[in-house]
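Straight from TrEMBL, the features:
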TRANSMEM  B:33-52  transmembrane segment
TRANSMEM  B:64-83  transmembrane segment
DOMAIN    B:65-211  domain 'EXPERA'
TRANSMEM  B:120-142  transmembrane segment
TRANSMEM  B:154-172  transmembrane segment
TRANSMEM  B:192-211  transmembrane segment
There are 2 protein chains.
Amino acid sequence: MASTDPSTPSHPYYPLEIEIIGYLANQHSVPTLLAFFASGCAAVFAFTYAIVTRMRAGSSRLRTSELLTVLWFVLCGCIHAFFEGYYVYNFRAMGGLQTVFGQLWKEYSLSDSRYLTQDPFVLCMETITAVCWGPLSFAIAYMITTEHPLRHPLQIIVSLGQIYGDVLYYGTSMFDHYIAGISYSRPERYYFWGYYFLMNFFWIVIPAVLVKVSIKASVRAANALKQLEKGKKTA
Amino acid sequence: MASTDPSTPSHPYYPLEIEIIGYLANQHSVPTLLAFFASGCAAVFAFTYAIVTRMRAGSSRLRTSELLTVLWFVLCGCIHAFFEGYYVYNFRAMGGLQTVFGQLWKEYSLSDSRYLTQDPFVLCMETITAVCWGPLSFAIAYMITTEHPLRHPLQIIVSLGQIYGDVLYYGTSMFDHYIAGISYSRPERYYFWGYYFLMNFFWIVIPAVLVKVSIKASVRAANALKQLEKGKKTA
């Protein structure tokens, strides 16, 4: 459905003059897409809850904060490895994809068109997210459930990786907006605040809390090690 | 000294058609600049060694590996906070600076011109490096010297931040090179391999070793905590 008038763009993304290879408008409505995403998240939570309950059958129940952290990391694992991985795998052809994931990405891209234009930074950051933080998120969920000693160092690594990637994600587009005068979001404010800002802000706030939790746990453990070593020396 | 012929560039950087605002050729020779950098590093090492020796006067000597790690982090602190901070502070005017740091950056930029063209990713990554990893590197050096329990979690954070920033730094310019067909390095191979590859590779290899060291220390500490808690339960 490319426009025949060259002055009007053939797509709804900003900046209007960008070229989106093979662009096709979404077929599903926005409520349908959002409902799909929400029910996907709900299914992940339910499935994880069932697995954790079964895995902990013989031992004490996980504390609520630990259970919530497991749910968070399994959700992160799914989003990083599958949803963001889908973008990484298909980054050359995102504009024309009509799968549910493809249409979800096109809907999100109304707030950040870089996902449709082979942006080098977004592609590199998403590749690391999908390849490293995805699998490691599942590993951490497992380690919390089994109280594995690797849990806190790995939780610091993944959560810091999420924060850093996100800060650069915000930073590069703020630079382009304020300094270079290029906006990747449509002008309607709900795209910017609802998709671009809010969706990504979760991956700053929650990982920051988790880094803090893990730092505290690591300090407590380091002090325990010191105490044990002192005990051995005096014994 | 801008060329009057528009077909020949007025600067030695690649891609040749980029505009470098207010470009001035370096006045110092390359050996002079490299000697300045090397003697700066040597001075940092000597100064740090003296301070550490004085700080540890009352207690046992630091193990060699720990002393080397302190030297590494103080060097990182200086490079991140001062040298990279200098770029962040002056990023709009790098092409015309004739200070020693300015000329060092112009020499390095022969292998990556993004430092002279207000590249959004490089600026954002360097800002985080200068503002976060710089001061935290000094803090870690202090914590190693004083055997502070915060040392290992912080060492994981800073080292991972260095690795991630560096991988993105390589990744974005490899994307531009292989996929977009844009090279930021001059064609002479020693610029690419000597400056761009080697100088940055240190910040992948050494932090990777340090992350491994800190993960091991954290696991040992977590096991000690478990042991102590078990002891309390059975006591």
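These residue numbers are counts, starting from 1, taken along the chain as shown.
Placed from the backbone N, Cα and C atoms, the Cβ positions cover glycine too.
If one looks beyond the transmembrane segment (B:33-52) by at least 6 residues along the same chain, the residues whose Cβ comes under 8 Å of a Cβ in the stretch are 26, 62, 67, 70-71, 74-75, 78, 100, 103-104, 107, 141, 145. Long-range contacts of the transmembrane segment (B:192-211) within its own chain (CB-CB distance under 8 A, at least 6 residues past either end) are made by residues 69, 72, 107-108, 110-112, 155-156, 158-160, 162-163, 165-167, 169-170, 173, 185-186. The DSSP breakdown of the domain 'EXPERA' (B:65-211) into helical (H, G, I), extended (E, B) and coil residues amounts to 118 helix, 0 strand, 29 coil.
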